[in-house]
Structure formats: structure tokens, C-alpha cells
Amino acid sequence: MLKIFSLGKVEFASIAVATVNNFTRYCLKPYKLIVKFSGVTLFPPFFKAYCLYICKMRYKQRWNNFPFTPNGTPFFYGWVIIFAGTVGVLASAPGQTTGVSTFTDYLIDAIGINRDELSIAYLAGTILSSFALTYAGKLYDKYGARWISMGASVMLGSVLLVLSQSDLLIAFVCNKSHSAYNIIAIIIMVLGFFFLRFSGQGVLTMVSRNMMMKWFIAKRGLVNGISAIFVAFGFSLAPLTFDWLIQEYSWRVAWMILGGVIGVFFTGFAFIFFRDNPEDLGLVPDGEVHRNKGKDIIVKALKQFTLKEARKTITFWLFAIPLGINALYITGVTFNIVSVFNEAGLSRDSALAIFVPVSFISVSVSLIGGWISDKLKLKYLLYLLIIGEILAFISLAHLDNGVFKIGVIIGVGIASGTYNVLMAVTWPRFYGRDNLGAVTGFVMSIIVFLSALGPLLYSTSFSYSGSYSFANYILLLVSAVLFVGALKADNPQDKFANK
């Protein structure tokens, strides 16, 4: 002990460093933070970081069994996860385009900007949110579905409360008579739409879907199809529900109610029912051990891909781009739906009437496609997705011929239903569950980015060519190329099957 006190600063630091390095090498995963102390390289503030890391892991494990123990339920807890995840996707409705569109006219009147300016703010906010989703996915991998969903719901609830006062906030910052009023209003709305789209359409949707897919392997497609039925039904009711709230209380109070319900009640719901991995609770996916046998379709990942590795496979892009194109044209056509049908000589009622039959086809394809996906190579469903898109583009370009209206309904229904299957099932099967958040976060970035460009593509096509057909022909050409490329869209796990 006396020898220790007699050591110089450098000698003492050297002993401390050796002890710390041995401890971190064999016991903990070292952080790559380096500072200098007395000429000796150390790893602080490693102690604080490692203590927080250990506490976080113990904290996470301890709270996994609160307020109840999931592995103590009389049935497989994965079915509760499907229910909870479906509610999570539905809770994102205020952040989806269908949810925002209900409030658009009221925002324009309250703020005092025109429709084009609000559309620019919405476009910019959506694009900016797409850039943050990959990082959000990595946070999901690190902290799990429960905590990230709670953070996303608090953010979504908060931004809804702020947006309910957006006109007052803008007026507080800048008087309406000021020459810069419109610019300031657009900037504030861009920020609002960024957080709305990031938390709602992005994080909450991604986390809820990923959580469901982590709890099932062999039945992954089937349970996704079941969830898709309720999601489609809920999303179809969302605009009507939001409009009822507006008519009953006002647009401002409607957003406040939604913000309170999501920010408080859904956050509590997520804390009670959301769980990340079945293995953390002593359970296994599907409630039973599943192994790839013989000539079975590989549904259980043999290799866990990182995002960097996934992006290097051509299969990743052959699936991600068609999914993004589906989001692009759905958003673009929906945003201009009345104008698209008016150009073809069809009425507003005729335009809005297509959503009901489309939803029936979409739900049917989601359920059947989900069940088939557990037994079939996903590249065949990719073919179906692209065929649906091609049929939709051809029909939209010739909508003035009455028979092509049926083609639009069938094409959009098939593509939307297949999209629901592939968006959920593809990534855990092809790239594993360990980095699922990072992979799907990047995919969501692509999809959200392209969806933001949809209205711009279709409106530009109409402005410069006097028709929406030009946009449809461009997308038709791209889809035809992707259909040929889909021949190479094999499961990256196949090459590891015989190793």
C-alpha cells in the first residue's frame, strides 16, 4: 500500500491504465473515446459510460417483466405483440398523409398562406424526416421497441399539440403585416411537419412493424397479413374520425385531443405491452423452435447482415426501389386524385369512390400474400408488386377510356397489398434481426423520400405537358426495367444455406 502512494503520477496512471484496459478487454465492450492524461492514453470517460451501459442493460432486463411477466401468460405472448404492434401502426395515423390532409384546408385558412406554400412546407418536412430515419433505426436496434416507441409517441403527441397552436405561434414570432410573414410561416411549418412525419409515418410505424416481425419467423407472413386487415380498416376510418372531431370541436381541439391520446395513453400502452425480442424473456419466435429443413424456403436468417453489408447486395435495391416507387405514385396520385380524374373527364365522386374497392383488394392480397410468403420465395411476390404497378401506370395513362378505371382499381389494390407484405417480411428474412432497425430505417428513408417527391412529379408533369400521363410513362419505364432486374432478386441467405 505504501508503494502505491509513493508512485509518481505517470507510474500510477500506467498501472491504472493497464488494469482498466484488461478489465475492459475481457469484461466490457470498450468505447472508442480517447483522451490524454499525464502522457498516457486512457479510455475515459469510460467509467461513466460503462456504468451507464451496465445500468442500462440491467434496467432493460428488469423492466421487461414489469408490470407483468410475458413468459407467464397462458398463451404465446407474440399474439399480444401482434395486437400491440397493430395499435402502434394505427397510432401513427395523425402523421400519415391521409391524417394530415384532413386538416389542410383549416391550416391554410388559420395561418394565412396559400396551398402551394403549405405543400412546399409539407414536402420539405417530409424529405428532411427521411434523412433522420436511418439513425432512428440504429437507436431502435440499441434500445428496443418499447423505449423507442414511447419516445416516438411522446414526440408525436407533443408536435400535435404544437401544431394545434401553429397559427398563434407564427403570429407571435411575426406579425401578418410583415413582409417576411409567409417565409417565417413556411419555416415553422417545415419544422412541425418534420417532427410529425418523423415520429408518426417514420419511427412509430417502423418500430411497430419490426417488433411484430421479430416475434415470428415461420408464421411471419401470416401474422403480418392479419395485422394488415386491421391497419387498412383503421386507416380508412381515420380521416372520417378526424373530420368528425373537427366538426364537433374545431380543428385546433381535434389535434389537441389526438395529441393527448397518443402522447399519454398510447405511451402508457406501449410501456405495458411492447417488448423487443422474445429471447430477452426466455421465449423463442413463433413460440416454438423452427429450423430450415431440407428444401424449405429459408425463413430463418443464417447470417446477420449489417446495414453496410445489406446495401452491397443487389437484392436490397431490387426490393427497396419498387417499394419506394409504390409509395411515390400512391402519394402523387392521391394528392392530385380529383384533378387526375377530372383530366379524364370523370367526376370528383368517381375519383373518391375507387378507394373502397381498392382497399378490399389490398386487404385480400395482404392476407393471402402474407400466408403464401411463408412458403414461397419473395421474388415472386416482387414480380406481383411490379405487375400491379405496371397495370396501374398503364391504366392511369388511359383513364379516359372507362375500362381502364377498373385497371386502376385492380393494379393499385394488388400493388398496395403486396407492398404491405414485402415491406414487413423481406428485411428480417433476408438480413436477420440483429440490425433490423438500421436496415429498415434506411429503407424507410428511401420510401419516405420518394413519397415526398410523388406530388411534385405529378404536378410538374401536368404543369409542363398538360397531362399526368408523362409521369405515368416515366414510372412505367422504370418498373419495366425493375421487372427484368427482379430475376436476380434472390435471398442473400441462400449462399449460406450449405455452409
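Just so you know, glycine gets a Cβ as well, placed from its N, Cα and C.
Annotation comment: TrEMBL describes 33-55, 75-93, 120-140, 152-173, 179-200, 221-242, 254-274, 314-338, 380-397, 403-424, 436-458, 470-489 (among others) as transmembrane segment. Positions annotated as domain 'Major facilitator superfamily (MFS) profile' by TrEMBL: 81-492.
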Under 8 Å, at least 3 Cβ pairs, sequence separation 6 or more: does that hold for the transmembrane segment (120-140) versus the transmembrane segment (314-338)?
-> no
For the transmembrane segment (470-489), the distant same-chain contacts (Cβ-Cβ under 8 Å, at least six residues beyond its ends) come to 314-315, 318-319, 321-322, 325, 328-329, 332, 378-379, 382-383, 386-387, 389-390, 393-394, 396-397, 457-458, 460-461, 464
Under an 8 Å Cβ to Cβ limit, what residues of the same chain, 6 or more beyond the ends of the transmembrane segment (221-242), are close to it?
-> 78, 82, 85-86, 89-90, 93-94, 96, 98-99, 101-103, 212-213, 254, 258, 355, 359, 362-363, 366-374, 417, 420-421, 424-425
In the same chain, who gets a Cβ under 8 Å from the transmembrane segment (75-93) while lying at least 6 residues past its ends?
-> 99, 149, 153, 156, 200-201, 204-205, 207-209, 211-212, 215-216, 223, 226-227, 230-231, 234-235, 238, 262, 266, 269-270, 273-275, 278, 281, 283, 285-287
When only pairs 6 or more apart in sequence are counted, do the transmembrane segment (436-458) and the transmembrane segment (314-338) reach 3 or more Cβ pairs under 8 Å?
-> yes
Is the transmembrane segment (314-338) packed against any residues at least 6 beyond its ends, judged by a Cβ distance under 8 Å, and which are they?
-> 97-98, 348, 351-352, 378, 382, 385-386, 389, 392-393, 396, 412, 415-416, 419, 422-423, 426, 430-431, 443, 446-459, 462, 468, 471-472, 475, 478-479, 482, 485-486, 488-492
Determine which residues of the chain contact the transmembrane segment (380-397) at the Cβ level, with the cut-off under 8 Å and only residues 6 or more beyond its ends counted.
-> 318-319, 322-323, 325-326, 329, 333, 340, 369, 372-373, 404-408, 410-416, 418-419, 421-422, 468-469, 472-473, 475-476, 479-480, 482-483, 486, 489
Apart from its near flanks, which chain residues at least 6 from the ends of the transmembrane segment (152-173) lie with a Cβ under 8 angstroms of it?
-> 91-92, 94-95, 107, 110-112, 181, 184-185, 188-189, 192, 195-196, 198-200, 203-204, 207, 251-256, 258-264, 266-267, 270
